[in-house]
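Novice: This structure is in structure tokens; I'll ask about it shortly.
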Amino acid sequence: SGKPVLHYFNVQGRMESIRWLLAAAGVEFEEKLIMCQEDLDKLKNDGLLMFQQVPMVEMDGMKMVQSRAILNYIATKYNLYGKDTKERLLIDMYTEGMTDLYELFFKVILAPPEEKDAAKSLIKDRAKNRFLPAFEKVLKSHGQGYLVGNKLSKADILLTELLYMVEEFDASLLANFTLLQALKTRVSNLPNVKKFLQPGSQRKPFPTQEMFEEMRKF
């Protein structure tokens, strides 16, 4: 049924985790980037966006929307979603926690200038004292190379994506979390992920405030 087609802006945003997951699963995909208002209007007018918003992924004969639903479909299809309901619960719990931290990065971009420092301080505090210790503890108590079971899952891939984001924001935040550093290295060295991390891949830049302002006009 051909390659999946991803419809989104030329930034990370809510599509980047989908790009990571497809890449890790070894699935080649195409992108139709939304570069102007007309591109988005066409998708809407053609009735392709259920809720009039992106991301949207064309895959297996479907027009899929809502990023978490898309991620769950891909994870299920490519056996990255645990072996039973208990493992799926853990994967969901962990990825929802990642989303909570991920959302704080968007708040920094959207914060007015006088609130940016406070928003950055909040990320540092939450990363260092809440989220990263929780994931480090999971790896330590689980005693395996991965977060759930002894097998790569959606949770490991999305955590690796998040760790790159944290590192780019402030590398010192990862200093005390040796198991998270090891997980990041392990996942990054998987052949499909390694390829995705090379320059010239379909990875996207983290959005600047200017990019966000442009996208919000649409």
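Note: Cβ is positioned from N, Cα and C throughout, glycine not excepted.
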Novice: Say Swiss-Prot lists LYS44, GLN53, VAL54, GLN66, SER67 as binding glutathione: which of TYR8, TYR102, TYR146 is in the same site, per that record?
Specialist: TYR8
Novice: How many Å separate the Cα atoms of SER67 (glutathione binding site) and LYS3 (N6-succinyllysine)?
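Specialist: Counting only the Cα atoms, the answer is 18 Å.
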Novice: Please classify the secondary structure at LYS3 (N6-succinyllysine) using three-state DSSP.
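Specialist: It is coil.
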Novice: How many neighbouring Cβ atoms, not counting its own, are there within 10 Å of the Cβ of LYS3 (N6-succinyllysine)?
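Specialist: Looking across every protein chain shown, the total is 13.
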Novice: If you count other C-beta atoms within 10 angstroms, which of the binding-site residues LYS44, GLN53, VAL54, SER67 is the most crowded?
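Specialist: Answer by Cβ density within 10 Å: VAL54.
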Novice: Calculate the distance in Å between the alpha carbons (Cα) of LYS3 (N6-succinyllysine) and GLN66 (glutathione binding site), and round it to a whole number.
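Specialist: So the Cα of GLN66 (glutathione binding site) lies 19 Å away from that of LYS3 (N6-succinyllysine).
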